[in-house]
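Engineer: A single structure is presented below for examination.
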Amino acid sequence: MASPYLGFPYFALVALFYRQTNGFVSKQTDLYHVWKTLPVLLLSILCYLIGSGAGLTGRLRTYTAIALFFGALGDYSIGEYGLLIGASSFLIGHIFYLLTFADRVTRIYYPIAIVLGTVDLAIAYLTLTPIAIEYPLKCTILMVYTTVLTVCVVLSASLFIYGGVNERPKQFNNLIRLLGFVLFYGSDSMLALHLLAFSMPWAEVLILFTYFGAQYLVLWATCITSRQSIIH
């Protein structure tokens, strides 16, 4: 765990959100989008204010707090203002996540890039082709966001498999980061398919549990990385 001061309040709010909305079921309460936003928003605030206690310092703390803030903004706006605004917020958040680790990548693991690129094309065919002519801007933002998220997965996998600057292969922090971005990828893929292609059973539970888990795992990985950089 990154720190009990970060983890306990975060997962307590996730549990409260689950309880207040009867299992993340949309429209059960007028405050649904507020409850959905609170866990990641609180994590962003705590990360910036007391993140040093979990080992987060300097630009890693700032970039992570900003990434979490835009994640929270996306949580709220995707329900209130739609997929375009929500995806734009998540896009900015993931760019800041990239800034926390991309500069340490020295070698790319191309097999996963090929696999994910193929999956991206398949999902885009199912979700974006039917609306591309009517909503070109929305499709463009979604494609850019998907590309950035795919880059996050590929680079985190590359760091884990090959190691990076001053890092050996298969380090725990890079594994945790990879798992986090894999959960992000799975969550967002399910969300796109559910909203734009076909209804999925247990969609809210699957999408949100993987999403909340992803946010925390990426934070945890960054905390470990930051502590290691201080030691070295």
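Even glycines carry a Cβ here, placed using N, Cα and C.
Automated prediction, rather than curation, is the source of TrEMBL annotations.
Bear in mind that the values here come from a model prediction, so they are computed numbers and not experimental data.
TrEMBL feature annotations, pasted as is:
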| type | residues | note |
| --- | --- | --- |
| TRANSMEM | 6-25 | transmembrane segment |
| TRANSMEM | 37-58 | transmembrane segment |
| TRANSMEM | 78-101 | transmembrane segment |
| TRANSMEM | 108-128 | transmembrane segment |
| TRANSMEM | 140-163 | transmembrane segment |
| TRANSMEM | 175-199 | transmembrane segment |
| TRANSMEM | 205-224 | transmembrane segment |
Engineer: State the non-local partners of the transmembrane segment (205-224) in its own chain: residues 6+ outside its ends, Cβ under 8 Å from one of its Cβ atoms.
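Structural biologist: Contacts of the transmembrane segment (205-224) (Cβ under 8 Å, skipping residues fewer than 6 from its ends): 1-3, 6-7, 10-11, 14, 23-24, 36, 39-40, 43, 47, 51, 54-56, 60, 64, 67-68, 71, 97, 100-101, 172-174, 176-177, 179-181, 183-184, 186-188, 190-191, 194.
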Engineer: Can you see whether the transmembrane segment (108-128) and the transmembrane segment (175-199) are touching - at least 3 CB pairs under 8 angstroms, only pairs 6 or more apart in sequence?
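Structural biologist: Counting Cβ pairs under 8 Å (6 or more apart in sequence), the transmembrane segment (108-128) reaches the transmembrane segment (175-199), since there are 3 or more.
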Engineer: Can you say which of 6-25, 140-163, 175-199 has the most Cβ pairs under 8 Å with the transmembrane segment (37-58)?
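Structural biologist: Out of the listed stretches, 6-25 contacts the transmembrane segment (37-58) most.
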Engineer: Given a Cβ distance threshold of under 8 angstroms, which distant residues of the chain, six or more beyond its ends, lie next to the transmembrane segment (6-25)?
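Structural biologist: Counting only partners 6 or more residues beyond its ends, the transmembrane segment (6-25) has Cβ contacts under 8 Å with 31-32, 35-36, 38-40, 42-43, 46-47, 50-51, 54, 204-205, 208, 212, 216, 219.
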